[in-house]
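Student: Here it is, the structure in full.
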């Protein structure tokens, strides 16, 4: 059995974000000046945490954000950054490069909600979820291979069912005080939203008391931070998450001093 922390960060702002244009996968833009400031603020917020593993979308806005976060980190600046196309943003097909309002108009014309609408050539929400599920399988396998040999248990486990309820005090180290294995993911807004919904609705992730569902499924701001504690077991069919606990979702305390366009 192994319990590890999973911290998910959205990339910093780009000029396309500021101009409310869809990027998806085909528009690979760098961070804006504000995006650099946001990433630096996130890096400072997370600076005292030790990331044992780092996984990043291979689109440059995510890569730049991860590089800045790690560059500000006191313990993980030399961590290997694995670029994984499975973490890319949702593909928006013909809508990429166009205003978000254009996508809303296309959805209205099709009689669908904007969130559920798939523009021609784009990815469906189910396809995005399938990508995330594939990433989770590879993540679980890697974490067990690297951090749990044989029957060895992570120091983060405290009983037969896994870790205690995460301590939440509004601090950067919430939930990870006794969790030595910690993976960082840097990805994209629509992808993160689909991923969180899968963790909560399909995998029955435990939510903190008082967390409203409207916040759980709200859009993640640029460099918004979410954290989960995942307990894995080995089974003949492969690794299985026996317990997933949410610590917080879309935290943006670090952005108080940064002008945020969202």
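A Cβ is built for glycine as well, from the same backbone N, Cα and C atoms used for every other residue.
Residues or ranges marked as substrate binding site by TrEMBL: 10, 11, 12, 13, 14, 15, 16, 17, 61, 100. The active site, tele-phosphohistidine intermediate annotation in TrEMBL covers 11. Under the heading active site, proton donor/acceptor, TrEMBL lists 89. Residues or ranges marked as region 'Disordered' in TrEMBL: 149-168. Under the heading compositional bias 'Polar residues', TrEMBL lists 151-160.
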Student: Just to confirm: which same-chain residues, 6+ apart in sequence, have a Cβ under 8 Å from the Cβ of residue 12 (substrate binding site)?
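Tutor: Residue 12 (substrate binding site) has long-range Cβ partners 31, 32, 34, 35, 36, 37, 38, 39, 42, 61, 64, 65, 68, 222, 223.
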Student: Tell me, if you would, which residue among 10, 11, 61 (recorded positions) has the fewest other CB atoms within 10 Å in the structure shown?
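Tutor: Output over recorded positions 10, 11, 61: least Cβ neighbours within 10 Å is 61.
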Student: Pairwise over 10, 11, 12, 13, 14, 15, 16, 17, 61, 100, annotated as binding substrate, what's the top Cα to Cα distance to the nearest Å?
Tutor: 19
Student: Just going by other Cβ atoms within 10 Å, which of the recorded positions 14, 16, 89 has the emptiest spot?
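Tutor: Comparing Cβ neighbour counts within 10 Å for the recorded positions 14, 16, 89 gives 16.
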Student: In angstrom units, rounded to an integer, how far apart are the Cα atoms of residue 16 (substrate binding site) and residue 89 (active site, proton donor/acceptor)?
Tutor: 14
Student: Between residue 10 (substrate binding site) and residue 89 (active site, proton donor/acceptor), what is the CA-CA distance rounded to a whole number of Å?
Tutor: 10
Student: Please report the distance from the Cα of residue 11 (active site, tele-phosphohistidine intermediate) to the Cα of residue 89 (active site, proton donor/acceptor), rounded to the nearest angstrom.
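Tutor: Given the Cα positions, residue 11 (active site, tele-phosphohistidine intermediate) is 10 Å from residue 89 (active site, proton donor/acceptor).
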